[in-house]
Amino acid sequence: MKLFVLAAIIAAVSSDRFSSQSQSTGGQTYPSPWQVGKQYRYEVTSRTLAHLQEGPSSGSAFKAQFTIRVKSPGRLQAKLENPQHGNFNEQLPDPRELPVDLKYQPTPNIDKVFEIEIDGGRIVSLDFPTSVPVPQENLIKGLISALQLDTSAHRVIHDSQNNYDREQQQGLFRKMETDVTGDCETLYTVSPVASEWRRELPKFANEQDPVEVTKSTNYGHCHHRVAYHFGVPVGAEWTGTAHKTQEQQLIGRATYSRILTGKEGPIYKAETTSTVHVHPHLYGKQKAEVYSHVHMELISVDQDSGAEWPRAGAMRPAQSILYSLSTKQMTKHYESSSSSSSSESHEFNFPEQHEHPHQSNQRSRRSYMRSKLVTVHKVLKKRNSESSSGSSSSSADSSSTYINDDIPDIDEPAYAALYMSPQPHADKKQNAMNAQKILQDIAQQLQNPNNMPKSDFLSKFNILVRLIASMSTEQLSQTSRSIETAKTSNNIIKSDMWMIFRDGVTQAGTLPAFKQIQSWIENKKIQEEEAAQVVVALPRTLRYPTKQIMTQFFNFARSPAVKDQMFLNSSALMAATKLINLGQVNNYTAHSYYPTHMYGRLTHKHDAFVLEEILPTLAADLKATVEYKDSTKAQVYIQAIGNLGHREILKVFAPYLEGKVEISTYLRTHIVKNLKTLAKLRDRHVRAVLFSILRNTAEPYPVRVAAIQSIFISHPTGEMMQAMAEMTHNDPSVEVRAVLKSAILSAAELQHPRNFYLSRTAQAARYLVTNEEFGYQHSFKFIDDSYDEDNDIGTFVISHIGSEDSLLPKDFKIVTNSKGGAWERNTIEASFSSAERFLDYLRDSVFAPHPKFDRAHKYSAEKIAKLLNIKNDEEEPLEASFYVDFMNNQRLFSFSESDLQQLSQYISEYMKKVESGAEKHYTKVYNQDQVSIMFPVASGMPFIFKYKEPAVIHFQSKLKGKFSFPSKDNKYYEANMIKDVQFTYAINIDGNVGFMDTLSNQYSSVGVVNKLQFNIPFKFGIEIKSGLIKFRVEPLHPDQDQTLVHYSVWPYSASQKKDSLVAISQDPATKIVERRSKVFSVDSKYGQSTHAVIYAQGYTYSSDWRNFGAKFTSRDYFTNLASLLTQEDIALTHFNLKHLCKQSQSKALTITAYYDEYYNQQNSGILTDATDRNDLSPNSETRRAEMVKLVSAGINKARVRVVDLSASFEGSQDQNYVLTGTWGDSPVDSKVQGMLFAGTKSATQGNQQINAVFATTKPEIHSLSFSKPLQSDLRAPFGMHFKYGQSGEIRVSGSFDRTKKYTTELENHPLAKQCSQQTTLNNFYQDSCHKAIVMAHAPDHVEFSVSFQDMSPQYRNFSYHTYRLYEYLGYWYTEANPLKLTQNGKMDFKIDFSYFDRTYTVDIASPSGEARMRDMPIATMAPGALSFYQPLKAYELVANYFTGHQYQPYCSIDGTRIHTFSNRSYEYPLSRSWHVVMQDESTQRGNWHELAILSRRQQRDQQEIYISYKSESGQDLEIEIQPASGDSAYQVKVTTNTKKITDDDLTMYWDDVKEQPFLQYHTHKDGVLVINIEDDRIRAIYDGQRFVVFTQDYRNSTRGICGRMSGEQRDDYLTPEGLVDKPELYAAAYSLNEENSDPKTQELKALATQQAYYPEYKYTSILRSDPTWQEESQSCGEDQWQSETVYKSRSYDKHKGACEVRQQVQFYENHGDICITTSRVPSCQSHCRAGDYKIQHVQVTCKSKLDHDFRMYKEQIKKGQNPEVSGIPSVKQFKVPVTCQP
């Protein structure tokens, strides 16, 4: 009985639900295409297929007869009859059509009777038999969607363009409509059909004209979306159309329907077509297409008088025709109001959209200018919305918080993530078994890298990941236990099984996988570095970052199981905070990166757990570490807090940035750098903070430069950009000026739409930037994005912060953003408090002992420091960090000084371990990028796009070595190591586009796989000795051929069974897309002559290879490299580079490099022509000695450098290649000579050699004069002789000259005029003169003749080949004259340089004709490269050009001016007091040199020099130099503990420890004394009146009148007592009150002491305002000024009278005040209305609401009284009536 009653209730409810749905909306009845009592029969066909632009199509088709019976209004019965289904994968004439011979099979479980509820032509709901599976249900929904025709006003979007004439049945309107693909905006058009419709509907040709209805869906505006997505790149639009500048169209999706229907029914024909276009590799021109077409055509319409079809058992309701993932009905949470026009996709705006809110304010200026109208009781305020930032403003929650499936439980796998099709929610028992089989298979494949591309290792790894992702916690735990035993196995294959499984679990991204990783760490299955590498990958692989998971992850990162493990502790904390940023704080990634369309937002947007739990905990941890002065941990916590990217981190960092909590400059810089994550959200607050720090010139420059690096990420406003451009002119810090210039100029070149605002603002400021040139060592930021409309390779950013104590940067960073990246990807950053100190510390820890100095010097550095009270700067703690974000690993390795001590100990321990033998086995498999997008198409089947970049690193090595450190017995470091290496790196770029045929469980797809693999299987040996490095390499497996490099591209079409365990490439049904002809192919062997055979084999069908050079057109190397791995024209490509070990007779290669220098060589004779050498053996001491002797012949006290390189191929028949070069010159001889020997020694090919000699004579050099070199000719003759073969030789003779034309140009150049002006003031070596002197020693004309004998014809036509080369390169200024010939065997060359025009011209005359290349470009630094100037070398002059004279800086003590190392020039003539030129008493580890240089003038034109120097090797010297008197030489007195070895024209003292000259000095021909201390460590030139010193050491540590050598001119005002502003005070402060000092100088010194002030840093306030200004800004701000509030008057008289204007005192309340008018104001009573209004200015007086009198006055006014008030008045506007009317 109970069952009967229950059945009756259910039937009643069901019938009531159907009967209550009438075919009307809002009382208006709409016609239905379905007439009661009729039966409609349709022919149904459906096809869905995938295809590339060429090649086979893969898909499926469905056909059936569809019968609809209308039994009552709004209720239909329907049934599919004879349903059939077929699959195909073949080449088709039309890729969208079906094969003619397609074979169909019956389709089960779909021919059941089901019911449809309609409202007019709109489908309301469905009832299915429970025996109908969900996949079949979705197919039916796709068919039913095609028949939906709703021309009613239901859910029409209000729009003025909407129109529909029901009588004429024509119109166009937009409405929200639900079909199987989603509830989205649909554009209806209703129109007549062309007369030819009868051909289309021959069976109904006699019926009245039908109407054509078309529908087009806008997927950018949906209230309910059925989709799954994960990992979608930032800015990639796939739901709709990319309209914003920062968006790119990733997927193009469209659904179009066409219906032919009678005016009152029936529907004769309905077609729905869905198309999806996407490039398999995300971006590119050649898109893949998934095409879905549903076709329904009416066969007959009959009267239906039969009984209803009986129900096929129990029924299952479907509340809508949306695609379903389960039988469970998911609730939709959205308003379906017809007036709704908000778009879900519009709710999640990019941060850039709000980055310039003032721009939108400008557009709405008029509305702001309008006066606001409020009542007198209430003041309304308008507030601008905040810019997007953090959790509060990135983007709003969607108005459609729908869900399509339940979020997986912590113990459940992610079913929807696999195919977005219904999955049985139960473990498959075979999963564990299949996973183990695949593990064994791919672990075995990993041992044979040659076959890895063919066996498709990486694709199989992703199959393993899929299996793991489908496991529950229990099943995964069981599987793990069975594999964990292999972890400690000595078997390589078993060990690889564990590591691959470990990485598979990491990449699965499911909650059970996360739980399993936690278990591993807690149970110490993985620890420290191994665990760290697993944990750091989780932020990019976890697919469901719920609040529970994020808090659990964070707490786990702080648990004892993690915190006590090295490497894991910091990595886990950063991974947890990065996940919290992606999943919660950054609302854009929280929506677009994770599957929110499937499950809704995974955490509530306004959940405060980040502010209440996460951030306070990290802030407390940071505070504690700072109090304990633990820099290492502090860096980690700063990085973790920065990772969160929430605006509230500014409050956490504020005390440290404001200086309230004392920390080092390095940590403050670290804080500012870690604001970048917040800056990426374009947060206005952080942008303001960064700009404030930048503008504060009292901040340390590293902090300011770090702010610049981040402010460009936040996209500064136009005003900020213009201010920064102006700062490039006047900012006191050269580092700030340099980085601003480089950043603005590179930002102006950006092309990607996402950088539109940044690029435009930079372009507007570009021309405001300074023309000052900055050195490469200064701070800079370079940004490049290689972009075109269809190809987005990525962004390349390189930046660094310059150092004051080194040319090495304090911070160096490279960032590459890939096209699939959401965060900064592939980031490498090294940061130091001082790079120089860091390297010195490491070096000293191993090599350098502290020297002891026994002898006291007259003026040692220590004594001078005491005399002048010079105190070394208080050194900040030594801190450093290395940050790497690579292979999905975000790692921070931070160091303090104590850590460096442990590091040196670790290195020592590792060396000891290596001596006994060390083995390493490492395997890492990961997905560098992965993107998944799935949604249904018209047929009711899910479209699936998956992009992955799986990669593997496999490394096995054995290392054994021996190390010898310097000792008493051996002064040199020696090492000998042997290492066996098997290294494999492989990556696939795998994009797959298709759909899941849910009827046959067949996955039809097309795709492209790019494969790249490197394999290094070699045994290496290295030997290091004094001056010798020997490197040996041999095959690890000499009996096997090895594939060293593999590259291939495979476009394919496939049809696979769902959950197939076979890789697509190995499936027999897969078809490769091929073309008819190859574009390029190679099949060649190289290296036969060396018996080491390299085989290059391959081919390509891609047109990209027709012009391979086009891939190298970008400004940066990263883009050029990335372009090699991508194809614009996708086509089959396959290349291999192999080492054929079996065919190679050479079994090993030994490379030897030897370098040595010989000093004071005295050999009589002259350099003769080149002759053959007798000794051709590698590394021959005999040959080197012979060549040293020959090259030094005739050179007085020659210094000879020798380089000996050799390569020996060892085997059954050795093959040796040798290259030996020697170079001889002398500081006291003008001759320069060189020799070169190149030879081969082969048992099969015999011995061959080429010998060459070179000789030139340097021109006369004038080191300190610009005018003297111009008065004499500059000429340097040279000659060369080459000998080759039996009788072949080449002889070259020519000269370098300076022409009169160039001399005249130089004399008239502005630089020369500046120098002349300085020279008249007795200043010969200021900046302008230095540059002019260098240019005066540069030749501008080179002319030489080449005569040859027995030269091959191809070399004789050199001029012709050179001409053709330049012509090919695009130099249009080339010309040839084949009639002007030289005699046979001779060629003439002329080269003319025009340095000021930056061009050069080449003339070549040869026996084959004359060629001339005119006005070709030349580098600006050419004069320095070609200059003969000494004592600087050519490479130093070039380096100085690129570093602003900071590579080899100089200081000159001139006649009346001093030029400092940092290029400051100031007026100061020396007095007879000793002045400190340089003083450095370095106590830094690794830098134990002590230096003091003093200078004074006893007479006006005579300067005396004193030098004290102590080296780290324990050698010391004192030099006292006095000017020459009359014709006598300079008086040089040297006191040293080293031995003098020469004492005539070149005096030399020898350092026995370093085996090199300790001191050299000589007088040059121009009368200048040249001094060289410790082999160019310090160089000086002196002519009795002026003294110039060159050195690149002592940066930022030296003191004296030559400045700090920091590169900052502002530092050259610092004296021992502080900063002074006058140059005479600065120089006098470094004078000594010794030896008859000058009284005037001492007076200046005393004055400097009085006026000196100490520099101090003043830190920046972080968004801080005083209360008064804050209050004033609220009441007097721009909004109030532009939109003054207008108050509306009213009468409070309660007695109704005639409607006339009454006078009434008014009041209003504003904030905490009561304001009352001082006079009565016109008003109307409440029962009257104003006839007209006017604005009247009225005086008001305001007092606090707490004021008793004003509260009383307010009550009186409300009673209609008019009290009189007094006080300070202000004027306000009131809207008052002119007349009052009833």
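Positions of Cβ are set from backbone N, Cα and C atoms, glycine also.
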What is the disulfide partner of C1602 among C1451, C1742, C1780, as given in Swiss-Prot? C1451
Identify, among the disulfide-bonded residues C1451, C1602, the residue whose Cβ has the fewest other Cβ atoms within 10 Å in this structure. C1451
What residue among the glycosylation sites N569, N587, N1596 has the most other CB atoms lying within 10 A of its CB? N587
Listed recorded positions N569, N587, C1451, N1596; those within 10 A of N1463 (N-linked glycosylation site), CA to CA, turn out to be C1451
On the three-state reduction of DSSP, what should I expect for N587 (N-linked glycosylation site)? helix
What is the interatomic distance between the Cα atoms of N569 (N-linked glycosylation site) and N587 (N-linked glycosylation site), given in whole Å? 27
Model confidence for the domain 'VWFD' (1449-1638), as mean pLDDT, reads 89
Measure from the Cα of N587 (N-linked glycosylation site) to the Cα of every one of the recorded positions C1451, N1596, C1602, then give the nearest. N1596
Taking just the CA atoms, what is the gap between C1602 (disulfide bond) and N1596 (N-linked glycosylation site) in Å? 11
Need the DSSP three-state call for N569 (N-linked glycosylation site) to compare against my parser. helix
Whole-Å Cα distance, N1596 (N-linked glycosylation site) to C1451 (disulfide bond), is 14
